[in-house]
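> First the structure, then my questions, so here it is.
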Amino acid sequence: MKSKNEKKRGTSATKGGLKEKKFSLKNDPFFETESKKRRKMDYEDDNIESGGSEEEAEILGASDGNGGEDEDENEIEETPGEIRKRVATELLGKMRAIARKEKEGRDGDEEVEEEEARDSLVAKILQQEQLEESGRIKRVVASRLKKPETADGFRVMVKHRHTVTAVALSDDDLKGFSASKDGTILQWDVESGKTERYQWPSEDILKSHGAKDPRGRLKKHSKSVLALAVSSDGRYLASGGLDRHVHLWDIRTREHLQAFSGHQKPVSCLSFRQGTTDLFSGSFDRTIKYWNMEDQAYIDTICGHESEVLTLDCLRKERVLTIGRDRCMMLFKVLDQSRLVFRPPPTSLECCCFINNDEFLSGSDDGSIQLWNVLRKKPVYIVKNAHALLPAGQNVEQKGSEIIPDNCLENGDHKIEGYNFSSTYSWVSSISVCQGSDLAASGAGNGCVRLWAIETGRKDIQPLYDVPLMGFVNSLAFAKSGQFLVAGVGQEPRLGRWGRLPTARNGVAIQPLKLL
């Protein structure tokens, strides 16, 4: 018992000692440093807070820590606008260096003033071109267009033996290209009309360039061409036709470079993306394929149509507008891998083209033209009977440059004895828009090409003039400057032989456009 009491007294003594230490100011834990466990927790909390501050600094654009490094990495990636600015700055630097060498003896102040004036002028031109190409600014051309005179009608500049199926112009408006059903591809000068022919290589060379063996009973590759496209840099010409291949040509040497296989049926339409060497091709196999001509490589296949793809068009963005025989028009967004489907009234669409990134036109086999917007699945405005048939007793030339009358006559309501054509000749087979402007043109087989004013603000299409041109207008192309219009015309439609005009001339016709 005694030992137990002594132990209790010892423990109580020690407890008392501890209490004395506990309540002493020097040894008070309140005034001591924090425990290791507490310091560890605070250290972890500090890490969490510092991580959050880095994220906030990165979002707010801080320049210290890892956020600054990420910001520097992001600044390295240039946007297309920054690339154009850098290229323009380098060009200005070269121009300044040349000017300094040529004008070393001149006064320094005068030279600086001249450089500033030159730089401001070049900057305005580049800015205006960039805004027009992006679709932010639209040139007013339709209201300034002079009335074409009968003497200034279409002039056949290039002749073909068979029906012309496609025409294309270079970006500088100096060279033109045309193709026909017999496989002839011609390059011609816009001013002089001098032509140069592209020679198809032999079967062995085609196979060495990637062409596959022909299918079915055919022993040779069909040379019939249905589509042409020219790259923005003026280096490449692409052609497609019945042989199921996309052919790449060098414009400078007019030599065949490569044959791209992949389509299972004829290639019906081609279009280069503006400012790039990316090419879209549409085919009767219901697919659209995406290629890069610089690397000569296949990129992707786009599906969506339930029938043959007839026409496609694209601008600078990675979007492609297509029309098929399934009576619908589709806008494919390549990067998003999505599409918008537009369904017109009960009719079959034949052709389409972009006005800008948000608006586009289409033509159908009932003779109507539709104006579309990406915000609506139905046409915003419809021009019925856009290419009315002429009475049998009236000559096409007599109607030359008169303003189009009210299009009140519906195709199909006419009497056979009152008109010299069937409804096949009033199909809108081609349509085109002058880039970055409000001027459009459409062609059919009724004997004229019609010019239209697109009023996007009012969501309206107003007729301007019609210019006589006998034959099926299978392709149209405006000059980028808006100074002339080129039409590919023939005796037969582009994709078939369901109509024929023996009096028409197969070739390329040009119409000068004069502005006020």
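Keep in mind that glycine also has a Cβ here, set from the backbone N, Cα and C atoms.
Predicted automatically and left uncurated, TrEMBL annotations should be read as such.
Pasting the feature list from TrEMBL:
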- 43-58: compositional bias 'Acidic residues' (COMPBIAS)
- 67-80: compositional bias 'Acidic residues' (COMPBIAS)
- 1-84: region 'Disordered' (REGION)
- 157-198: repeat 'WD' (REPEAT)
- 218-259: repeat 'WD' (REPEAT)
- 260-301: repeat 'WD' (REPEAT)
- 360-382: repeat 'WD' (REPEAT)
> State the non-local partners of the repeat 'WD' (260-301) in its own chain: residues 6+ outside its ends, Cβ under 8 Å from one of its Cβ atoms.
80, 133, 210-212, 226-233, 235-236, 238-248, 307-316, 318, 320, 322, 324, 332, 334, 495
> Quick one: average pLDDT across the repeat 'WD' (218-259), no decimals.
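Taking every residue of the repeat 'WD' (218-259) together, the mean pLDDT is 90.
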> Count the residues of the repeat 'WD' (157-198) that DSSP assigns to helix (H, G, I), to strand (E, B) and to coil, and report the three numbers in that order.
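Result for the repeat 'WD' (157-198), in helix, strand, coil order: 0 helix, 23 strand, 19 coil.
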